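Peer 1: Before I ask anything, here is the structure I am working with.
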């Protein structure tokens, strides 16, 4: 029997041989009945063989007539039948064919009805395995266990399984190809309704879209992650997922084993595996039309609607050609009767999408291809090892790397390892030139004390005449001309091997998800898309155009048009090349800038260590040297500067090796300038006459930049361009989506998780809870979860809800139930340290173990500071160089902006936006590298207390990570910060009959005072607490919220509070206090006039601008003003021409601070003098009948002030009429009046105070002149008093 592995253990195809026509017919009938396979469900009958298959398995019955062997089979059947009740059949045969099922009882009944001889184990009453004999003498079994030797049932408990048996699945007619060749695949596991958690499938099978994925060309790390993401995304979106084995060769050969339907569990654990598990091969047949015709036929027979190809430019070119020929191919198939009319109609169009899998990174229009950074990691690791031995012997090494038409690997490796010289095909030189240039640079490096020489040669390196440059040529020059002891190292296919780095796993996964979206959204007219990445953003590009540009580079090189070849490369490649040449020359060549433009630039590290910090310092210093600047290093952060004047100029020789070194050679700590003594920091800045500053670090560095920028008004030494290069594993610095060190940390955490997952898989039935760093940011845990396929992750933004934890434990149990193979038994759960203060990783592991009730267990794993240390990754090294060079360029360009202010003679205008932006954060945002002013980031885009940006850029990544592991998320709560995160509900107080507070809460009423749908709210800052119209107009604003605006009040038995909500879900809520200042500004626009209202906050000095839509100018603005004027002070800076509703002109302002012990009459009079001086200029324009009342709720009194003498008596009378109803006053002296003539204004001012004794009950007031006996008015009926004043009409 042609079966090597039982089907239950992994194989999906088997061949059985019959030696007589009678046995052949009986075998076909037997397997058709047993597995419910027949011609109408996919069977193909030929003269000497029959193929029976469905979406799960395929059985081929072959006829080879042989009377002798048929006689042996007949004897074997008789013998096995005779010992059925006494012996175990399995001990009398070499092998058996075992199928998996979830309904063993039904099959046992079927055996009896069909009268098959059978054996049941362990007993007939409760069998877990059934065996019978087929007409060909083979032992055929069915089992409900995980494998052939297991005793644990595979039944998923209460979960509903799709189908009664895994081997009986419906399939569309014509799904079997005419060409047959067989490759074993993993066994299919039908998913339950609980795990994986997928959207409800309402699409009939016949109407489902089918998406196939294939890998072609050279293999690359990360291809498995790409296939995994495509398969699971397709299933998640209600599609059928297929894989094409062996690349285009699989399309040509076809069949259910080459075009294979995959299920959820088939790709488990693939992210951690190198190469491509579905195979790849170069296929000459597909280059010809007959081969593509077969490919089209086989795709239609399998029912595939769309094809995603992961490969290089050749593979993608073939894919697009395939799509362009598709109409003519299916027409030919129809004309030759190889497909039906129904098939021709349904598969009239084929959608194609490409993801680039290539270690050369040679595809235009994308910054990175799948596998490129993994290959670069192998190269850098090898060179780091080689350089260690080179240093021991003072040797030179010539290292050959891949890259036939693209020098990206050689260029980036040269930057990351500080290589002395590189050879790339895009920038060749004549034979004599490259020899002279290389020898010149190597000689200068050696003369300055460097003991090692590293020369990197790309595989396709050429001279200007297209003569290849080999490692042997370079070796000969170094030996003959420089006399160096030189060795050659050819890395070869080591660069392709191993597992993918974290970046490639994430890139491949995200591109796979986007590829599925692209083919589902494509139309017949949509050009074939290519999924690319620009900086930090996944984008779609036209596949044809990208391939044309890529091939144009090779064509330009062959035409010796090297300038054109370089121009066709993306701008990042050119930038990297210029950076390498600049930092490689350092101060060995004459500086580029004249002496009048040379600067003194300092660099300091602040915060925790992170990978790439030393690379940034090295690159900044060497680039400064090449420009002619003098680089300074501030050692041990701000405390080192303030205490020990730890400033030193940076020397090239001392920094040799820093580019590939972890930690911080300058030293770093978390002290900010204000904590260290900002005055001393300014003194040393002035002493050394720094012209620019670069800060490298995390959130402490962000805070430091803010403090220095804020102190510019007081310290002219800080009026220099300053740049922050974010560097923290938490990746929590506002203004960037990437920070130096996060990739190094992510790789360290990923490798750690791969190791513990291997341990868990070996132990069986074990999950590890891995504790991750990151502070209040869940970036590290989320990205690691996506990279390693963790079953769940918990982050500070969400916390840990007990409902979600319970669901995750249930899903883990179901996942273990369905585990197939060793990879299925290891599970990971990632928990950020700050995700829960109540539960550590150890506590969480104990809870999971207890709740699992023996089905599985959990252990804690804490990698700790492993996540901070180690050698920086190539990504962190090369990006550190790129950002450092850009930071120096920024400092050079901003010198003229601050030149005048640095002298300190003129006032520094802190509100000047241009000046403020000279202190910026350099970050990556989407597809751009951008500088963002620190003031804008700190004031508007940062949650200071949480040390986090307000916008979480990795939100979608978290959603994808959960979807791809089938994690079931609990119901999302409105207002969640990120995907699926719950807002913790406040604990409600217990309501009792004795609680008056509870009764008041129960009787609370919410009354809407004003509502408008279409409103925009802008946010800005002011430099003064008494802004003018010019201040508002000159202030920069950013959009805070838009949508509905509502003013409402909450009334209870003891209080009345008024609030304003802004945004669709009331996202912003602010109490409307009397101290708020509302300013109305009219903006003229021809016949249309629009009002803007500004709400000013005195501390801090910021404001909101409220803009109403054009359609509500006549009504909405007036209604808003009518309501808001009864609550706050409304001032009009530009009086409109039209009539506005009459409003009461009472202003409520802040009262002066009262000293409880020395509150003398003199203090009150001084307060009046201060106010009178302020209002001296305004009094000339005041209407004599105007009432200007100041009323404020102070900590110990009510106060009001009158500035109009004429109405003093009437106002006193009204006040006496208002207050007595609240409570009769026992004192005959109701008001304590004081009066004084102000000399400057020569006006009489009056002031009254209402005091409350300490022993007064909360329900009453008392007025007394005893100023030493007071208590707070908090909790009293002060709102009633305010309402009375609002309704006052004089």
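Backbone N, Cα and C define each Cβ position, glycine as well.
These came from TrEMBL, pasted as-is:
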- 360: active site, proton acceptor (ACT_SITE)
- 218, 282, 283, 312, 313, 314, 315: ATP binding site (BINDING)
- 313: Mg(2+) binding site (BINDING)
- 358, 359, 360, 395, 402, 403, 404, 459, 487, 493, 494, 495, 496: substrate binding site (BINDING)
- 670, 728-732, 766, 773-775, 859, 865-868, 947: beta-D-fructose 2,6-bisphosphate binding site (BINDING)
- 211-519: domain 'Phosphofructokinase' (DOMAIN)
- 600-891: domain 'Phosphofructokinase' (DOMAIN)
- 1-585: region 'N-terminal catalytic PFK domain 1' (REGION)
- 586-599: region 'Interdomain linker' (REGION)
- 600-1290: region 'C-terminal regulatory PFK domain 2' (REGION)
Peer 1: Other residues with Cβ within 8 Å of the Cβ centroid of 218, 282, 283, 312, 313, 314, 315 at the ATP site?
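Peer 2: Apart from the listed residues, the neighbours are 216, 217, 247, 311, 318.
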Peer 1: Provide the three-state DSSP residue tally for the region 'Interdomain linker' (586-599): helix first, then strand, then coil.
Peer 2: 3 helix, 0 strand, 11 coil
Peer 1: Can you tell me which binding-site residues out of 358, 402, 496, 670 are within 10 A of residue 313 (ATP binding site) by Cα, answering none if there aren't any?
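Peer 2: Cα within 10 Å of residue 313 (ATP binding site): 358.
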Peer 1: Using Cα coordinates, what distance in whole Å links residue 487 (substrate binding site) and the residue listed as 'active site, proton acceptor'?
Peer 2: 24
Peer 1: Out of 670, 731, 766, give those binding-site residues positioned within 10 angstroms of residue 358 (substrate binding site), comparing C-alpha atoms, in sequence order.
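Peer 2: So far as Cα distances go, none of the binding-site residues lies within 10 Å of residue 358 (substrate binding site).
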Peer 1: Please give the sequence-distant neighbours of the region 'Interdomain linker' (586-599): residues at least 6 beyond its ends with Cβ less than 8 Å from one of its Cβ atoms.
Peer 2: 441, 444-445, 448, 622, 624-630, 652, 691-692, 891-892, 895
Peer 1: Reported as an integer number of Å, what is the Cα distance between residue 670 (beta-D-fructose 2,6-bisphosphate binding site) and the residue listed as 'active site, proton acceptor'?
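Peer 2: Cα of residue 670 (beta-D-fructose 2,6-bisphosphate binding site) to Cα of the residue listed as 'active site, proton acceptor' measures 40 Å after rounding.
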Peer 1: Find, for the listed binding-site residues 315, 358, 731, 868, the residue with the lowest Cβ contact count at a 10 Å cut-off, counting only other Cβ atoms.
Peer 2: 868
Peer 1: How far is it from residue 314 (ATP binding site) to the residue listed as 'active site, proton acceptor', counting Cα to Cα, in Å?
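Peer 2: Answer for this pair: 13 Å between alpha carbons.
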Peer 1: Compute the C-alpha separation of residue 312 (ATP binding site) from the residue listed as 'active site, proton acceptor', stating it in Å without decimals.
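Peer 2: Computed Cα spacing between residue 312 (ATP binding site) and the residue listed as 'active site, proton acceptor' is 9 Å.
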Peer 1: Return the residues near residue 494 (substrate binding site), defined as same-chain residues 6+ apart in sequence whose C-beta is under 8 angstroms from its C-beta, sorted by sequence, else 'none'.
Peer 2: 378, 382
Peer 1: Check the region 'Interdomain linker' (586-599) for me and report the mean pLDDT.
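Peer 2: Looking only at the region 'Interdomain linker' (586-599), pLDDT averages out to 90.
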Peer 1: Within 10 Å of each Cβ, count the other Cβ atoms and name the one among the binding-site residues 402, 729, 866 with the highest count.
Peer 2: 729
Peer 1: Of the recorded positions 282, 283, 360, 404, which one sits closest to residue 774 (beta-D-fructose 2,6-bisphosphate binding site) when you measure Cα to Cα?
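Peer 2: When the Cα distances are compared, 360 comes out closest.
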